[in-house]
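Residues or ranges marked as UDP-N-acetyl-alpha-D-glucosamine binding site by Swiss-Prot on the basis of sequence analysis: 15, 16, 17, 127, 163, 191, 244, 263, 264, 265, 266, 267, 268, 288.
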């Protein structure tokens, strides 16, 4: 489907969970001849990341209201109005055929600006619980899609766009069948790390001994303290890294993953075809719990919520999974994934632009 001469503006910011799926769709459409620009904020990750992908970015000033003081709340309407006016001026100059909202605060004023100019608004909700911005924008959107069932009652479930190198991994049967030796446990805390996993997993390693080998991604600034915790637990042989640059290689290495359940992590683990032990971040709307639930229901994962998390709970769970069980879970994870999510979102963008 050629997009020669078509223009898209992607609105996404704040976290990798919003930005990476947006980049996947942007690259897919650019390969079809689309021009793509980005709307973001100058102080969040998209400011550095998006230009590295060869995409020009425009900035508006907007931030969240949750947990802010009374002064910020009083000033909010004026700030939102100014952000809307700025976004509108950017879109008037760029003249996109369609805008794609992938979440983050920037989508709010951006979506309203597009709607006020008669530009179709396409939304994608990455999480199992809809964010506040997308809840509002859904009322004016041309098309609403969701990664997991339940965020919106009637929206099409299309999955989360994930990185092509993860999608290209061999299927679980090819990758995991015939593996022997210690079970390879990949611990992923995200870019900030997960303190609870950093504290718990060295003790789990001590309980499980030689039956596991661990690759632990500790997050920024925590590598030394986590290495020390493994050493103090008598388990200095395990690998600790601050970041993992090549997640596809890490997934290919792993037999099982212990991690948080951010939307993109859950979708990548399903696409890779890996069993998981999810420890959702404690958030008042339990967003990460709802992200992980479809994989638990599919028999591909187990959820341990943070109040129930203990060294014994993790150690007993991992010890209870034989290699045969892990392979079955991996196959169920892969079967639950939506590998063509990027294409599905891109097709809806194309459709909205032609309508």
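Here, residue 1 is simply the first one shown, and the rest follow in order.
Every residue gets a Cβ built from N, Cα and C, even glycine.
Around the Cβ of residue 17 (UDP-N-acetyl-alpha-D-glucosamine binding site), 23 further Cβ atoms fall within 10 Å across all displayed protein chains. Non-local neighbourhood of residue 244 (UDP-N-acetyl-alpha-D-glucosamine binding site): 188, 215, 217, 250, each in the same chain, at least six residues away, with C-beta under 8 Å from its C-beta. A helical conformation is recorded for residue 17 (UDP-N-acetyl-alpha-D-glucosamine binding site) in the three-state DSSP classification.
In sequence order, 162, 163, 166, 247, 251 are the residues near residue 268 (UDP-N-acetyl-alpha-D-glucosamine binding site), counting only same-chain partners six or more apart with C-beta under 8 A.
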